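According to Swiss-Prot, the feature active site, proton acceptor maps to D86. The site 'Important for substrate specificity' annotation in Swiss-Prot covers R16, T87, Q169.
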Amino acid sequence: MTFVENRIYLASRSPRRQELLKQIGVDFMVLPLREALPRIPDVDETPLPQESPPEYVERIARVKAETGRKRMSERGWADFPVLGADTAVVLNGRIFGKPENPLHAKQMLRALSGQIHEVLTAAAVAAGNGTRVCLSRSSVRFRNLGEQEIDHYLACDEAYDKAGAYAIQGRAAVFISGISGSYSGVVGLPLFETAQLLEESAIRIFQ
């Protein structure tokens with residue numbers, strides 16, 4: 001299916017994902033999945049029983065994209081592809097989503113301290129020709145963190161809407177001694193894989 005305009009809907013309120021799309025020149029409009037207060041998920045992000053971390057993020061990204069496309073259709077909006085994404089931090093098979101409160105955030109950072117964890121980000125594009133999903137996997141190494149610096153970091157308030165309670169593009173960059181994989185994927189949207197999905201829906205990055 002070819003779209004008249006080189007434009008997409010982004011089914012996310014994430015400022016990081018918006019900035020990443022701007023970085024590669026994608027013309028997009030934000031499509032909130034429902035009217036919601038900040039920090040309330042647009043979809044139910046509860047993992048299913050026996051669901052692996054990769055299956056989890058791929059499912060949530062798909063649901064976000066397809067829910068956005070359903071809303072687009074119900075409201076009679078212009079027919080553009082809908083991009084959804086989801087990120088999870090995984091340590092020893094355990095999924096770390098967004099922290100529920102400051103204590104939860106502190107527990108996450110304590111667990112990540114001195115460890116190598118995996119960051120999974122799935123992107124999904126729902127269009128007239130179906131839904132395509134991609135998965136980015138990256139490894140991130142944290143140095144050992146002291147209690148005081150964890151407290152100071154949490155006081156800066158950048159942790160609470162991030163998977164794993166940290167922002168690699170923010171002050172938490174000083175915690176990270178190494179990364180293998182996709183930096184943009186760790187931030188929240190793997191640009192290489194996302195560009196490939198968009199190309200498959202006739203959205204050209206360079207035209």
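Each residue, glycine too, has its Cβ placed from N, Cα and C.
For the recorded sites T87, Q169, the ranking by surrounding Cβ atoms (within 10 Å, all protein chains) places T87 first. In space, Q169 is the closest of the recorded positions D86, T87, Q169 to R16 (site 'Important for substrate specificity'), judged by Cα positions. All protein chains included, R16 (site 'Important for substrate specificity') registers 20 other Cβ atoms within 10 Å of its own Cβ.
Cβ neighbours of the residue listed as 'active site, proton acceptor' (same chain, under 8 Å, six or more residues apart in sequence): E45, Y56, V57, I60, A61, K64, T121, A122. D86 (active site, proton acceptor) falls within a strand segment according to DSSP.
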